[in-house]
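Working notes, structure below.
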Amino acid sequence: MVKSHIGSWILVLFVAMWSDVGLCKKRPKPGGGWNTGGSRYPGQGSPGGNRYPPQGGGGWGQPHGGGWGQPHGGGWGQPHGGGWGQPHGGGGWGQGGSHSQWNKPSKPKTNMKHVAGAAAAGAVVGGLGGYMLGSAMSRPLIHFGSDYEDRYYRENMYRYPNQVYYRPVDQYSNQNNFVHDCVNITVKQHTVTTTTKGENFTETDIKIMERVVEQMCITQYQRESQAYYQRGASVILFSSPPVILLISFLIFLIVG
């Protein structure tokens, strides 16, 4: 019984090795074309045999030893040994010789204007000595008590800033000081920057701009104050003894 099992395993091993060798022999060689080495017309058998006699060395339609339609030894439709659609060799389909790759996705282009603008904004803030630049805001709707000024603001609001410069709120004792400093530095920087571009502001522009920037600075103060108190509350919460004891107990349970 043992000998019969050993013989069966030897037979299975022999069959597996023989099958692997057979598959290796059947693998196509690189560089050959479709139906290379055959002498029949691909896909259409002729009842009377080949209609035309072979011409030296290759199969039917192989004048120089290649596959069907291989005048120089390439694959099917390969006149010079490349891939299908490669008249002069090369890579994949549509990559023949000096031709560019067909339908190749182009690389995304970097918007240099955005990069330059970001770099300039960072340089201006760095040169102001501790001032930060707030996020962009929608320009507020303000009534100035004069039809002329209201109309002037609606027609020229795009010329006024939509961001403000400010220092951290913990450096000021109250909102008025924060807003006053914020308005002065923002109007000054916007006026200087715009003047260097060849555009001047009138007295009406300055008056309207100060009102607009004041409202924006108030909004910025409210945002910064809320964020500051939330950070302070988080620090107080996690520094209290009960919370520290609870966290230590949880760490002990996890580690232990």
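Residue positions begin at 1 at the first shown residue.
Quick reminder: no glycine exception, Cβ is built from N, Cα and C everywhere.
Listed in Swiss-Prot as the disulfide partner of C182, from the options C24, C217, is C217. The average pLDDT the prediction assigns to the repeat '3' (71-78) is 46. Taking only the Cα positions, the spacing between N200 (N-linked glycosylation site) and C182 (disulfide bond) is 22 angstrom.
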